[in-house]
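Have a look at the structure below, then the notes.
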Amino acid sequence: MEFSVKSGSPEKQRSACIVVGVFEPRRLSRAGEQLDEISEGYLSTLLRRGDIEGKIGQVLFLHNVPNVLSERVLLVGCGKERELTETQYKQIIAKTITTLNDTGALEAICFLSELHIKGRDTYWAVRQATEATQDCLYNFDKFKTNKENTRRPLRKLTFNVTSRKELARAELGLQHALAVASGAKACKDLANMPPNICTPLYLSEQAIALGQRFEKITTEIVDSEQMAELKMDSYLAVAKGSANPAYMSLMHYNGGNADQKPIVLVGKGLTFDSGGISLKPGEAMDEMKYDMGGAASVFGAMKALAKLNLPINVIGILAGAENMPAGNAYRPGDILTTMSGQTVEVLNTDAEGRLVLCDVLTYVERFEPDCVVDIATLTGACIMALGHHISGLMTPHKGLANELLSASNQSSDKAWQLPMDDEFQKQLESPFADMANIGGRPAGSITAACFLSRFTKSYTWAHLDVAGTAWRSGANKGSTGRPVSLLTQFLINRSENETTAVNS
């Protein structure tokens, strides 16, 4: 699909469809008023008649509006003008795109990016509208034999901004959105793959393919034999019961100077998590293919990064493994020696993600990173705490926390910081090893982060728990593509700071 931005009056636009807003109660937006004027009150007559109230979710599709150059006019309900929220804005865009895609209009000019959202500018409006459009049009039908084809799908969408002065910001928003949307799609496609196809080996093959596509990405694969030589025994224990061996995929993006320390993104890549010997309930176990959502988001962020050609160095790691029960699988009661030399008593084999990540977090010390961010569908406790709308952020480093929260706010890919006070560490005590792999039910997300923190002492580190945000259940089941937008914004901000430092 083709996107563009422009600045112009609605009455001068010649297109298959022009989209304008209607506010409650029955009041046209500025662009709507301009169309109403040239149509000699045609639109306002419809409003007075009650054809559309302006409530969010309402649409009115019109053909042959008098004196309007465009073939069609789509009136979209935008709610109360002064109370419009960010979430409502994205809902309005989604409703617009769904309607347009069903009408047979091949192109459209949209004036909804002119809507006022408190604290947001044109850059944000265009970026969010573009990302929401791509999300709305996403469909994963790779394995369907009877595919549903839209009669005449929307092929071109132009966002109109209020003045020419806003064009530069709008174009930047569009550029960033297209990169993020491309990364989010890559994340969704990878996460939605069935686990009989998306194995740890498959993850490594996708990482290699990404490196072949982008000149600045070099991919390195660490297989199980190499992990054994590195004494990554905690990681390997998780994969022991599976017929699919573990693979750790490292994507090195070299966009900065050779002496610039890399940012490291680590994604938990459990391509299927049965729980192991501590077997999960059968209900919804199919969704445990999404336990590689962290790795999928790192993969997507690396693609977005490469498309934006940012001047920084980043290493994206996909920590691939599969957790299955078997006669040789690891057990509750086992004591594992991690790559760091610290020992862990396994109390629950379904708390496996941290056992994979702890060895990867030790492995990345060799890169002397600027910072490390791990992304993982780590705990059900995070869903209990924050639901399905907000990712959990945990870090002992205030500066990095502020950066990630700022990126969250800028991208509207929400995260919330949870505490990591020393008192929580006591819950991980074991009478037989240096620590246990779980700390009991209370504050489960926090104690999981505390566990990981014991392997990150040599660098600045943060943990994103995306257990509640990486995928949706129910009728619209599927990967959300999160937190690709947050991660990409974090990297954009870092690159801008790097450029400023170089030029100062």
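Cβ atoms are placed via backbone N, Cα and C, with glycine included.
Marked as active site by Swiss-Prot: K280 (among others). Following the DSSP three-state reduction, the secondary structure of K280 (active site) is coil. In sequence order, D273, S274, M288, D350 constitute the residues six or more apart from K280 (active site) in its chain with CB-CB distances below 8 Å.
Look at Swiss-Prot and you will find R354 (among others) tagged as active site. DSSP classifies R354 (active site) as helix under the three-state reduction. For R354 (active site), the Cβ neighbour count at a 10 Å cut-off comes to 26, with all displayed protein chains included.
When secondary structure is read from DSSP and collapsed to three states, D273 (Mn(2+) 2 binding site) falls in the strand class. Per Swiss-Prot, Mn(2+) 2 binding site is recorded for K268, D273, D291, E352.
What Swiss-Prot records for D273, D350, E352 is Mn(2+) 1 binding site. For D273 (Mn(2+) 2 binding site), the count of additional Cβ atoms within 10 Å of its Cβ stands at 26 [all protein chains shown].
Within the same chain, residues at least 6 positions away in sequence whose Cβ sits under 8 Å from that of D291 (Mn(2+) 2 binding site) are K268, L270, T271, F272, D273, N323, G353, T377.
Same-chain residues that are not part of K268, D273, D291, E352 yet have a Cβ within 8 Å of the Cβ center of the Mn(2+) 2 site turn out to be V238, G269, L270, M288, M292, A321, N323, G353, V356, A376, T377. Other residues of the chain with a Cβ within 8 Å of the Cβ centroid of D273, D350, E352, the Mn(2+) 1 site, are V238, L270, S274, G275, G276, S278, K280, M288, D291, N323, T349, A351, G353. Sequence-distant neighbours of E352 (Mn(2+) 2 binding site): residues of the same chain at least 6 apart with a C-beta under 8 Å from its C-beta are V238, L270, D273, G276, A321, N323. Cβ neighbour count for K268 (Mn(2+) 2 binding site): 32 (other Cβ atoms within 10 Å of its Cβ, all protein chains included).
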